[in-house]
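Asker: Annotated domain 'Nucleolar protein 10-like N-terminal' per TrEMBL: 1-364, in sequence order. The domain 'Nucleolar protein 10-like second' annotation in TrEMBL covers 369-417. Sequence annotations record features per position, and here TrEMBL assigns coiled coil to 426-470. Under the heading domain 'NUC153', TrEMBL lists 482-508. Residues or ranges marked as compositional bias 'Acidic residues' in TrEMBL: 529-538. Positions annotated as region 'Disordered' by TrEMBL: 529-558.
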Amino acid sequence: MQVSSLNEVKIYSLSAGRSLPEWLSDRKKRALQKKDVDIRRRIELIQDFEMPTISTKIKVSRDGQYIMAVGTYKPRVRCFDTYQLSQKFERCLDSEVVTFEILSDDYSKIVFLQCGRFVEFHSQHGHYYKTRIPKFGRDFSYHYPSCDLYFVGASSEVYRLNLEQGRFLNSLQTEASESNVCDINPVHFLFAMGTAEGKVECWDPRTRNRVGLLDCALSSVTADTEIEGLPSISTLKFDGALNMAVGTSTGQVLLYDLRSSNPLIVKDHYYGLPIKSIQFHHQLDLIISADSRIIKMWNKDTGKIFTSLEPEHDINDVCLYPNSGMLMTANEAPKMNIYYIPVLGPAPKWCSFLDNLTEELEENPESTVYDDYKFVTKKDLENLGLTHLIGSSLLRAYMHGFFMDIRLYHKAKMMANPFAYEEYRREKIRQKIEETRAQRVQLKKLPKVNKELALKLIEEEGEEQQLSKKRKQKNLPSLLKDDRFKVMFENPDFQVDEQSEEFRLLNPLVSKISQKRKRKLKILEELEAQGAEEEEEPEGKASDAESSESSDDEKGWVEEVRKQRKLLRQEEKLKRQERLKEDQQTLLKPQFFEIKEGEEFRSFKDSAKKQKLMKKTLEDRLKLEEKLGTLNVSDTTVGSKQATFKLKK
C-alpha cells in the first residue's frame, strides 16, 4: 500500500503493487505469494478489480452494494459485489460502451449507450432489449418522473425515449450543432446540456421549452488563461437545486448559481486537457474535478487547493463512493485504482478494517529508503576527501552525484571539519541576537555585507521617492526590505568581489549608467521647476546636451574598459613570470627506473630517434640503413632488386 501526502492530506493507494495474471493456477499464485514479499504485502480490496485492457466508466449502485465498470477489449461490463469483495458477473457486449446508467437501486436495470448508435437494456438475468437512435450518441440522462431517456450527440436534436410506453417521443430542437454532455437536476428536474460551441442550454421537461442559456466559453477565458481554440463543454454536474459545475475541453471548471449568468468561480487545471469528471463532497464543501492527468480537490467557495493526486496512467472516469473517503478511477490500464483518503470520510462498511489499518500506519510511520542516505556531488566528495571511494560499493552513482550512507557522511564531515558544529552554533547564536536587536528601535545602519551596494540602493530609493511624490506615483518595493534578497546583505558568501575580472570590466559601465541616470533626473527636475510657457526651449537644449553627453560617456566608458583590460593583461603576465621563477627555483629530484631481465639499456634518446625515423619516408629510411650497414640492396640478373638486412636484438 503506497502512501502519499500533499498539503498534509494522506492518500492511501489500495491498488498499488503487482497484479498476478489471470491464467495462473491457484497453486502457482499461492507459491508466488510465499516467495515474493511485495505480492504478500499488497492489499487486494476487491478480488480481480480490473479489465482486460482498459476501463472507460465506473459507477456505484444507489444501495452501495455493487460497483459496475465497463471496458475493453473485448467490450464488456463487470459487476463487483462489495459484500463478497469479488466479481459477481461479467457480460460481453457487441460494441464499445460510450456511457451507461444504473436505473434501479441494484444491478437489475441498466442502460448502455454504445458506439454504433445502439441503446442496450439489461435486466437482472442479462440482455433484455436493443434499439437504435438516429445519430451517434455521446451522453444520456434519465428523467425519473416521466420515465424518459434524453439522448444527446452528433445532432442538434435531443432524442427522447419513453420507457413506460416503449416508444420515441418528439425530440427537442436546439440551437447547437452538436451536444457533448447532459444532466438532470435531482431536485427540480431541470434538463441541461453542454454544446460543442461552449454553451449550456437549460430546458423544462414539463413544457419542453428552453428556459435558459449560459455562454460558458466566454466566461472561462480570463486574463490568466491561454487557450488555442473555442472551449466546448466536456462535462456537466448539478449540485442541489441551485448550483451547477461545468467542465470545458480546455481544462477549466466553472461553478454557477442558476440565478446568475456569471460564474461564481473559475478554476483552471493548467494542463489544457478536457475535464473528464466532476464530483461534489458536501461535508467539506469540496469539488473533485479530474482531467486525464490529475485529480484536483478544491474548495468551492475560495478555489484553494485541498489536495491532488496524479495516477500513473491516464484517467477516464472518477467515482466517489457515497458517504465515505473512498475514490475509484477508471483508467488507460487493466487495473482500476482505489484510493482511500481518511480526511474526506470513514471507510465504507464493507471494508471498515481500513480505518484500523491507516491508524496503525500513522502511529508507526516507516522511514523511507532515502532517509538513511545522503546525496553528494563530486565537489562535495573532493571537500570531504572521499574521491578515492568513487567506483566502490560505498557510493551509488545517481544522476549528477552519488548516494552514500548518512553515517559515513557524518564521520567524514567531522574529520574534514571538526569545528563545523561550533561554527554552526556560533552562527545560530549570532542570528538569534540579531533577531532580538531587530525588535528594538533601530537607527538606519548599513548591513555588514555588501555595504556599497546597500548605500547605492538607499540613494536610488530616496531619489525615486522624491520623483514619485512629484509625479504622484506609487513607490516601488525596496530591494533591501524584500525577504527574497535579504540573505544577500547578511551572508558573507554573497559578498561582491571587486577584484574579480567580471566586476572590473562591468564596473565602468555600471558607474557611467548611474551617473547618466543622475544627470537625467536633475534635468527632469529642472524642467518641472520651470513654467509651462518656457518648457519647449529648455527641452530642446536638454535633449542636445543629453546627446552630446551620451556620446562623451560612451567614449569615456570604452577608454575605461580598455584600461581595465590592459591592467588585467599586465597582472596575468606578472603571475606567469612568478610561476616561471618558482619552476626554475624548484630542484628536480633524480628518478630511478628498473630494467627488465634480458633488456639492454642504450639511452633515453632512442625513443626520440625512433619517432623521428618513423616520420621520414621509406626511401630516406632505406638510405639511412644502408649507411649504417644494416641493409644491403643489390640488382639481380632478372632485373629485380634484392635486399638483405640484419635484425636488431
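Glycine is no exception: its Cβ is also placed from the backbone N, Cα and C atoms.
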Asker: Is the domain 'NUC153' (482-508) packed against any residues at least 6 beyond its ends, judged by a Cβ distance under 8 Å, and which are they?
Answerer: 447-450, 452-454, 557, 560-561, 564-565, 567-568
Asker: Average the per-residue pLDDT over the domain 'Nucleolar protein 10-like second' (369-417) and send me the rounded value.
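Answerer: PLDDT averaged over the stretch: 84.
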Asker: Is it possible to list how many residues within the domain 'NUC153' (482-508) are helical, extended or coil according to DSSP?
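Answerer: Helix, strand, coil within the domain 'NUC153' (482-508): 18 helix, 0 strand, 9 coil.
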Asker: Could you break down the residues of the domain 'Nucleolar protein 10-like second' (369-417) into DSSP helix, strand and coil, giving a count for each?
Answerer: 25 helix, 14 strand, 10 coil
